[in-house]
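What follows is a single structure, written as structure tokens, with notes after it.
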Amino acid sequence: MRAAVVTHVVRCWNGAVEVACRCGAAVTVTLAHCMAARRRVARQAGFAHISLAALAPIRPLARRIAASGHAAHHAGFALAFAALAPIGPLARRVAARRRLALRACMALLSLVALVPVGPLVSYAHAETTVATVATVAGGRYGDVTVTKPAGEMRGFVVLFSEAGGWAASDQQAADALAHDGAFVVGVDTSRYAARLATATRENCHKLYSDAEEIGHQLERQVQSSRYFSPIMAGTGEGALLAERTLAQAPANTIAGAVSLDAGQTLDPRFAPCPADPTLSRGTGLPGFLAQGATRANGNAGSSSDGASSIPAAAPANAHASAAHRTFSAGMTKAARLAALAGPYLRADTSHEEDVSDLPLIELPAAQPTDMLAIVISGDGGWRDLDKTIAESLQKQGVSVVGWDALRYFWSEKTPAQTSHDLARVLKTYGSRWHARTIALVGYSFGADVLPFAYNRLPDALRAKVSFVSLLGFAPDADFQIRVTGWLGMPASDNALPVQPELAKLPPAIIQCVYGEGEKDTLCPSLTKTGIELVRTPGDHHFGGRYDELAKHIVESWKKQAALLAVRG
């Protein structure tokens, strides 16, 4: 047996209340579920006596849908049945008491029930949890489709359809976003344009205010533990509408926009107002912009399941400050939108740990991607080469956590302790900055200790590291700063040999960088091991070509991340 999703859909207009049920799989759903829920809602809304006779016409319709459900399910459509009969005494009482009608709407909207009839199956994902779907009144948006995440809410998304209206592919996209923790409001773009056309008193429209209003209403209703500014999203004309909504918004109103294959023209009925120059916006856009384009030839360097994790060439309508991706035409719209939006859905901060005791330097990218680099400095501390390379990575869209080795290793550490602290950093910043691909970069002293730290990470964290770049890598590793090390003296008697630890790492993810004049380096001995060797002019400081080196690191990292994504 599959799972049946029973939703209680509310629309309030002139004191009337409308109820509908939706079946999400090919099973028979008895009306007892709807009727029992109606009783609970009635009590919550303050109606002591409600006749359920008005729901009787649903019975034969439910039986017919159940009989034809198998075919409909395989056709890729959600089953829905809505016997929109008057609610008899309820409608009359609501007409007389509009305040109670509003309470009924709020109560019904919050009641989205799952009917257990066997193993649960999601409409869009074969998971053990099911997102719930309802249709509600959405202000100037008109009736909207609300898709709630089964687990913790991580963001609020307003998803615009393409010009043709809300379709099955849009609902699949909403389900995919909900699977990642988004509360999704699905808007029929053509209906929205038609409703705006009736606002004759407005010469232009503040589109962002419609998103804000529905966000305030629905997030308060579901009692979210924190407020999420809306993320605007869409495909085609809906993508362009999302971009224009972001462009006109004041600061701290719209979190950002997710734009997939944006159209070139916008229905003139939307008539977005220009940004108000009297309101504070800062520089650039007031939120992030993630733009995606689909390549017809299917060669986008992304995995077939939508796990696109690296920026790619910009689409034709690219904004200068946007994060850009390209996707294969073989990927579903749902997978593409989920890949674009995923980095901006706030992860559960319970995975974060207090790392205030560590000497870390935060360098978040101005336009963040899902790439995170942990850069461990040399024994001179966070200065010169390590700092410059980290800042160059940041300019390329990589969020960086710098680690001052001078201060951290001033007192002696063990490999296990270093790895434990690295795990804390990965958990905290991987969650906080929504990282999907992580690189470990070490220079000199920092490079020497990295293989030890990597090998002792928990399996789940080690799997998230897609690239390790070792700059000025020596044969032995000390775990305490030595004054003689600053003078170029050999490693101490307590130093540990690096080669056995390096042999435990997957060679394909390793890059070893050395200067052609450098003598105390392990890199030249690593030929024919599968490790990428990079020889630069100069010595231990690579001829001062730090920006060039940072670009090479990112290029190699992207290639390796793409290969890992394809392999799954």
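A Cβ is built for glycine as well, from the same backbone N, Cα and C atoms used for every other residue.
The compositional bias 'Low complexity' feature in TrEMBL is assigned to 296-312. Positions annotated as domain 'Bacterial virulence' by TrEMBL: 156-193, 370-560. Here TrEMBL flags 290-312 as region 'Disordered'. Positions annotated as transmembrane segment by TrEMBL: 41-59, 71-88, 100-121.
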Non-local residues, at least 6 beyond the ends, that sit with Cβ under 8 Å of the domain 'Bacterial virulence' (156-193): 76-78, 122-125, 127, 131, 133, 138, 140-150, 211, 214-215, 218-219, 222, 224, 228-239, 241-242, 258, 263, 267, 269-270, 306, 332-335, 337-338, 341-342, 345-346
Mean of the pLDDT scores, which run from 0 to 100, over the domain 'Bacterial virulence' (156-193): 95
Helix, strand and coil counts within the domain 'Bacterial virulence' (156-193) (DSSP): 17 helix, 11 strand, 10 coil
